[in-house]
Amino acid sequence: MPDRDTNSSMNSHDDTYKCSLGSDDFILVEEIVSGRKTSTVETVQGICFCVKQKVCRTVAMKNVRRRVPILNWLPCYSVQDGLGDIMSGVTVGLTVIPQSMAYAGLAGLPPQYGLYGSFLGTFIYTFVGSCKDVPMGPTAIVSLMTYSTLHGYGPEYATLLCFLTGVIQLAMGVCGLGIIIDFVSGPVSSGFTSAVALLIIASQIKDLIGVHGTGSSLWEMMCSLYRDIDTISYGDTVIGVGCIVFLLVLRVIAEVRIGPADPGQQSCVQKYTNKSFWLIGSIRNSIIVISCTVMSYMFISAQDESFTPPYKIIGTIPAGLPEFRLPQFTMQRNNETVGFFDIMSTMKSNVVVLPLIGLLENISICKAFANGKTVDATQELLAIGLCNIGNSFVQSFPGSGSFSRSAVNNASGVRTPLGGLYTSILVIVALLFLTPYFYYIPKTCLAAVIITAVVFMVEVRVVKPIYRSKKSDLIPGMFTFFACLFLPLEIGVLFGIGLNLTSILYHAARPKISIQEYKTRAGFKYLMLTPDRCLVFPSADYVRNLVTKHSLKRDMPVVIDCSHVYGADFTAAKVIEMLTKDFSDRGQALFFYNLKPSVVDVFRGVKPKELVFYYNKKELDRLLQKSTEQRHTMLQPLLQKK
């Protein structure tokens, strides 16, 4: 082991390139501190210089390109890019129109609000989004969270929730809090997604069979369906089940391939047929909705004006684009004005949980289609925050990136985020010209679209790999799954994340310590204790108790190997002070090996009685010799008395 001077000289020759990333609280930092105190003027000048540097870095072109990604790819945009974006944008548009109306119903809102949330946010993401495959808009998970937040209060509350969601996401992005997503583990995410998928399916059964159901948890939904089972509509049930069967068949058709597996070896007919199969499967939602709408229109038109169809239909949808205006911050409820803070208290913790869920969903999509590239969570926070703020001005509810539409977008050959522009145009065309025909869409058809979209979100396939990898990771995943099913959704999410953080804190509070007895070349025995991580306040007392316990059990000098201790805090320093005092009082030697200079400074801040540390193993013989002599001197009077 080289000594300190050797390490210092080695470091002094390696100053050509320096890079520091992440938190520096627990890394080795060697500083030369002058004894002169810094004046107030110098402190103010230093602060001004730091602020100036921060502003310069913010407005630097490199940072602007990072925060406005369109500046990177637009200058080299080609005709091939345009053709790929048009094809994918139109395909996603044919998918998003029926899906968005269905997700609006899932959120407890009229279907037009799903369309309102599918054009402006998608257009904004074109400029600030970092992932080409993400089409912004309503999603199943966020729609269900919106439903559980609104408590049936109506579209004005949903629009305000969309604005607040965007503001929180934007503020988190500005503060660089994208790191929060790193604290949600894979098992917790899978448990949440699977539970939400089952909740969505349960919530859509009522529309599938034409009954009136309520409830936000699985138990409430099942009880409500059981009470209303006598009012089942056979017309809705037949149409809904038929739509599910056809959607699943079309999904299978999308995976059918004829000819050789290698596209380069396929004939033109085989390539055309395979692309046709894929296109039919990709726009299956539009095919089913259009088919049901046409048949419903023909059936109702052939009857008298007083005729009531044996199934529920969407009804009248306002034509045209929504009014562009600021969300309302006060509402009228039961002829009383409800203030902003009363509205916030009604929405409760969902105002904070929903933005995190939207970010989690969006980041998961970006990672799935990143192809090895890094994903900037902070940039995605800024992007979806701006999109939700924009959507709130056109009376939409919160949205995020959609897994199903992203898969269609990627498979369609999207080249840049500009594909979202063509999706937005198609949605605007639908709002301007097609809303009279939406009147005849059966509600059960939209329920079938949602069920077939989310049934594959139940992540059963991840259980076996988690079990094989680390069985204990199943605990937070299963806990999150059942908590989200039987408790309010936001409570289940918070419980899952809390359990995950508790696991992290437990490992931080209980470092692994190896304990071994050694003998030096000079014949001195000593006890070596080696903690495997930093000494911070959750673990300080635990380490002290272990050191005390084993030092009393073996009456010999103790060495604490601090090779893995890269940081410490005040609480740890106080514990070390008490530890050194205890050892000193009973005349037992305590040494610290390879203690980092930054940690030494923390320990010395509390002025411990005897802090003895060394860096060269050769020094240990000298220290042990000295401690043996001191102890012999202390015991000499006692031996003489005896």
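For all residues, glycine too, the Cβ spot is worked out from N, Cα and C.
Feature annotations, reproduced from TrEMBL:
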TRANSMEM  157-180  transmembrane segment
TRANSMEM  232-254  transmembrane segment
TRANSMEM  277-300  transmembrane segment
TRANSMEM  421-440  transmembrane segment
TRANSMEM  446-467  transmembrane segment
TRANSMEM  479-506  transmembrane segment
DOMAIN    535-604  domain 'STAS'
Using DSSP, what is the helix/strand/coil residue split across the domain 'STAS' (535-604)?
41 helix, 10 strand, 19 coil
Sort out the residues at least 6 away from either end of the transmembrane segment (277-300), same chain, that have Cβ-Cβ distances under 8 Å to it, and list them.
91, 94-95, 97-99, 239, 243, 246-247, 250-257, 307, 309, 311, 313, 408, 411-412, 437-438, 440-442, 445-446, 448-449, 453
Across the domain 'STAS' (535-604), the model's average pLDDT, rounded to a whole number, is 84
